[in-house]
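Colleague: Per TrEMBL, the feature domain 'Peptidase A1' maps to 87-393. Marked as active site by TrEMBL: Asp105, Asp286. Residues or ranges marked as disulfide bond by TrEMBL: Cys118-Cys123, Cys277-Cys281, Cys319-Cys353.
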Amino acid sequence: MLKTQTSLSTWSQERNMNWLVLLGLVAFSECIVKIPLRRVKTMRNTISGKNMLNNFLKEHAYRLSHISFRGSNLTSHPLRNIRDLFYVGNITIGTPPQKFQVIFDTGSFFLWVPSIFCNSSTCSTHIRFRHLQSSTFRLINKTFSIIYGSGRIKGVVVHDTVQIGDLVSTDQPLGLCMEESGFEGVSFDGILGLSYRNISFSGVIPIFYKLKNEGAISEPVFAFYLSKDKQEGSVVMFGGVDHRYYDGELNWVPLIKAGDWSVHMDRISMERKIIACSDGCKVLVDTGTSDIAGPRRLVNNIQKLIGATPRGSEYYISCSAVNTLPSIIFTINGINYPVPARAYILKDSRGRCYTTFREHRFSSSTETWILGAVFLRLYFSVFDQGNDRIGLAPAV
């Protein structure tokens, strides 16, 4: 017994030394990925008062359990709606498992959580991974840096066991964040990317690819149902589609290319007048973004058309406008997807109404829009990696 304790102590010291040596390589072997938009409104921007964020989370805490459908490989995993701003779900990492709340994000491909070595004020408010407590933890000689629209993270790539409900990925590459900025006041710990593999991260296999390659899921498909208003009820499903979550038939839209979840949009219109995307444009379907985002000039024009006025970083509007303003229609692959005023106008904690249209930070010659949770609460979405397409249908 004494020999075992000595061995474990030596093993821990060696691992800790390797860890510190690896941290010294950050400046020399960094893989940098830029993600133009990652705007997630913080709870502190929406809930006023010093302790209201913590009180809200305590009052609305509940256990996120998974639901597996018998007779199929479809696994449905619950998500938690945080005031219609973003959706989080539980995963575990390591052996024994350590639990984290992450955003399941189609706008990025990488899985990361904070490390216990991250001492920034942002990291200290999140659950941090304790690598020395995991017997399946493994270091590799890679570092990473990701620049989001709202901040930046930097850290090291490691391997460990990751579990999403019944789905288990052993020796899964993931990031441990050492430096974090721009994620203050949010109640999620990390991000689980579900986009296509990024060639900048050679050798790093995204978790969805790994689950598919190892046969954990029968079909290379995942889907989202995002609830309206309610905290519970939202799900992400892997390996198939539960048809109870949408009405009618799925409308399939081919991807522009098999690299991200972007499709061609025909136009954006209001009261039969085209107000944006007049010559067709690109649209990214992004579960990690809360709003609808587009180029500044076109977004500003929409704000004027609906009568919204700027106040700080928000555009506010009379709450009575919800009953009078028309729907804004997004036409994709010949199908109209109306977004009514009750969906694109939300109310903050002070009872003021604001619009959910935002400018993004893409510097592209191609007009690009992003459809986030505002759109996806109305339309059930299926991401079919096997056929490089997205399916949309009215959510129930």
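Backbone N, Cα and C atoms are what each Cβ position is placed from, and that goes for glycine too.
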Colleague: In whole Å, how far does the CA atom of Asp105 (active site) lie from that of Asp286 (active site)?
Modeller: 7
Colleague: In whole Å, how far does the CA atom of Cys118 (disulfide bond) lie from that of Cys281 (disulfide bond)?
Modeller: 40
Colleague: Restricting to the chain of Cys319 (disulfide bond) and a gap of 6 or more, list residues whose Cβ falls under 8 Å of its Cβ, or answer none.
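Modeller: Expected: Ile345, Lys347, Gly351, Arg352, Cys353.
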Colleague: Taking the Cα atoms as reference points, how far is Asp286 (active site) from Cys277 (disulfide bond) in Å?
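Modeller: Given the Cα positions, Asp286 (active site) is 18 Å from Cys277 (disulfide bond).
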Colleague: Roughly how many Å separate the Cα of Cys123 (disulfide bond) from that of Cys281 (disulfide bond), to the nearest whole number?
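Modeller: The separation of the Cα atoms works out to 38 Å.
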Colleague: If you count Cβ atoms within 10 Å of the Cβ of Cys123 (disulfide bond), leaving out that atom itself, what do you get?
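Modeller: I get 23 for this one.
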Colleague: Using a Cβ-Cβ cut-off under 8 angstroms and a sequence gap of six or more, which residues of the chain neighbour Cys277 (disulfide bond)?
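Modeller: Those within reach of Cys277 (disulfide bond), by Cβ under 8 Å and sequence separation of 6 or more, are Met265, Asp266, Arg267, Ile268, Leu298, Glu367, Trp369.
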